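To keep things clear, I will list the structure first and then write my remarks on it.
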Amino acid sequence: MEKYRCMICGHVYDPAKGEPKQNIPPETDFADIPDDWTCPVCGASRDKFRAVA
Amino acid sequence: MAVRTIAPDIYSVGAVDWELRLFDALIGTPQGTSYNAFLVIGQEKTALIDTVEPRFEEDLLKNLMRIGISSLDYIVINHAEQDHSGTLPLLLEMFPGATAVTNEKCKDLLVHLLQVPEHRIKTVKDGETLDLGGKTLEFMITPWVHWPETMITFEREQGVLFSCDLFGSHLATSELFVRDFTDVIGPAKRYYAEIMMPFAASVRGAMEKIADRDVRVIAPSHGPFYDDPSLIMDAYAEWSSDRVKNLVLLPYVSMHGSTRKMVSVFTDALIEGGVEVRPFDLTSSDLGEIAMTAVDAATIVIAAPTVLFGPHPAAFHAAYVLSALRPKTRYVSIIGSYGWGGKTVQNLTDTLSHIGAELIDPVYIRGYPKSEDLTALRNLADTIVKKHEGVITRP
């Protein structure tokens, strides 16, 4: 599972950790996150994230 | 600011702030700024586009009176930041028949930042238009240029683009249109560096959207207007591109002279290697100048001594601001000197990691630089020279 970085604020989504404060459990692939999910730091929408090279 | 005509029945009615020297209590504005607002009078309806910083609300109201406006139908809000939207509550009070027009996201912010009553706001979607009678306003939602709710408004018949903060400059001037771009390109680049650079990808997206329209005038919300839009569009195309210059940005601070000596030797080595270098003493430099240099620099090297357990606060501040501005810089490194210990390199590396650049091995030494330390600095300069050869596009 790849990490994804927010192109707006640089926050990295790490599938191993999930997003504990947003009810996204650990081991959740970025592809499985709901469409209306937003970046926990800046509020950017899901399409602003890119896979970390 | 006096009322000025941009095009038939389209007026500039905002305010000039000749005296501002620090914007957002953070970055210098040595040439002041303006808060631009516009009045568009159609055959049936009248719209105000954007408002002004609340301290200047009297200027805006006087201008509306001078034109003889006794009622407003719409107040278009492109962006919820208070230097543009801050006068909205007063205007809604003074013009009870007026409706604020903005997008859903901006509405949410207006309600929270300014406590604007929801029923006074009409929301529009991307591409939606508002017909004023012979004048059509088209709304383009441009998220993250530079807030999540930002939009721009295009008046179709005269081709006037009310571009909000995009293409703006902090420049107080009595000229309505840019006549000599050499006077404006500095303030415009400074503005890009401070406000738009973190959102370069979104800026490129917005510019693609604009490219389809017949834009004859660009009227941003700060600074003068462009009746030759290619001037600022070409500059933005360059700044927001991935191209970097053969340039090292070198913010430094020195307490007892060790780091200063390192900066001096390192600067000379870079010059000898054919690399342009811009050292900035952080105790006396303007953060805006540093940000402007970061727009182009292929490499940023921060030079700092250790104070107590970490980097000198001035260097930490610069590293933090640069990491937030997220320039397209490809390489970063750190040089400096410590007395007895600390985590300066680790702290600066962590902060700079947000830029997403490759870290070149720092040269961090104990005490005054010895001959092997100076050799290490010259080697660092050589490494940068070689790295730049790979990423610089030569004309």
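Numbering starts at 1 and runs along the chain as displayed.
Backbone N, Cα and C atoms are what each Cβ position is placed from, and that goes for glycine too.
TrEMBL labels come from automatic prediction, so no person has curated them.
Per TrEMBL, the features are:
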- A:1-52: domain 'Rubredoxin-like' (DOMAIN)
- A:CYS6, A:CYS9, A:CYS39, A:CYS42: Fe cation binding site (BINDING)
Arithmetic mean of per-residue pLDDT over the domain 'Rubredoxin-like' (A:1-52): 93
Sorted by sequence, non-A:CYS6, A:CYS9, A:CYS39, A:CYS42 residues with Cβ within 8 Å of centre, Fe cation: A:ILE8, A:GLY10, A:HIS11, A:PRO40, A:VAL41, A:GLY43, A:ALA44, A:LYS48
Lowest local Cβ density (other Cβ within 10 Å) among binding-site residues: A:CYS9, A:CYS39: A:CYS9
Binding-site residues listed as A:CYS6, A:CYS42, least Cβ neighbours within 10 Å: A:CYS42
Within the domain 'Rubredoxin-like' (A:1-52), residues counted as helix, strand or coil by DSSP: 9 helix, 12 strand, 31 coil
